[in-house]
């Protein structure tokens, strides 16, 4: 009966005898909005799925309520690709006064660390023990990315010292060797952690990796075991399986929106450093790549000594290394992430691991996680960092393994 009533109203409104079409358009618009809102409230807001071993699960439920609370994605852009795109287009850029430091690497390369700190923190008046948040941006990102600026801003507000590890060449500096960076090679990250721990040996250190940076954090933890020098790790939108990632990015729409623009940016980095790279490979051939897979085949796998792209992807995928991780790490992923498909997440391995927890939201895209009607400022990622950092810095005794050793301790 309700359906017949609505049909009669529409027919009556659309009838020429009843005057203009404006009433019909208004009715259709109202009906469309009602259906949209009904769908949103019925299907979109959901509690995230938290997968972890018993001790880590209890720790997170007690100290990080965001892990069990309903996530409300932005009403007008909750689809994964829209979340990914609008995060880039809409988010503000906090002004962060960085202090840059150049680090030299054992192989003759260089990269930049960008430090951010408050002159005095009421949370931690002793600067030698002030907690440090180490941030690792995405594949072509730097300390200037809006999502990094917001996370740094959050860390500073919470009273921590923040430092951003910029991969080689990502802040415009020249490559001194043919190698830029790759997801399987954690040598530069090891250099960073040792440098920080040497300077601030008494300060607890939390590594936060976003996207590509998250892969580095996971591979670093798997490689170093209990000697990683971190109290904990946090990853956001990390890609767990490189094969699944490139397959997803090569679907038509994802290729147009993400794969091609990202590849073009990476090719510019290679072309800009032709002088150093052309000694070991054909730069002209490499920069003709139109996909991430092609560039990895022509440049990354060659520069880092892999037989081919498949060998590199096998080495770079953290999915198979969960058992080797011995430092607590919380991993935030969205089920609709176009870069990291949900089927790539190591659910069973995380459930058995004492140290790895997966926090999976139904929506959020890739480095999106926008929430609220006006998502210009902080988002879900900031809330996760705020609560998790506070938990690991203030309640580390409750973490699995009771914290981590320093790199120096691991050698003894």
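Each residue's number is its place along the chain shown, starting with 1.
Placed from the backbone N, Cα and C atoms, the Cβ positions cover glycine too.
These numbers come from a predicted model, not from an experiment.
The N-linked glycosylation site annotation in Swiss-Prot covers 18.
Positions annotated as transmembrane segment by Swiss-Prot: 24-44.
Look at Swiss-Prot and you will find 131-372 tagged as domain 'AB hydrolase-1'.
Under the heading active site, charge relay system, Swiss-Prot lists 211 (among others). A coil conformation is recorded for residue 211 (active site, charge relay system) in the three-state DSSP classification, outside any helix or strand. Cβ-based neighbour count (10 Å, all protein chains) for residue 211 (active site, charge relay system) stands at 25.
Note on residue 337 (active site, charge relay system): other Cβ atoms within 10 Å of its Cβ, all shown chains, come to 29. Look at Swiss-Prot and you will find 337 (among others) tagged as active site, charge relay system, backed by similarity to another entry.
Around residue 366 (active site, charge relay system), a 10 Å sphere centred on its CB holds 26 further CB atoms from the protein chains shown. According to Swiss-Prot, the active site, charge relay system annotation covers 366 (among others).
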Residue 211 (active site, charge relay system) versus residue 337 (active site, charge relay system) - Cα distance in angstrom: 11
Residue 366 (active site, charge relay system) and residue 211 (active site, charge relay system), distance between Cα atoms, whole Å: 8
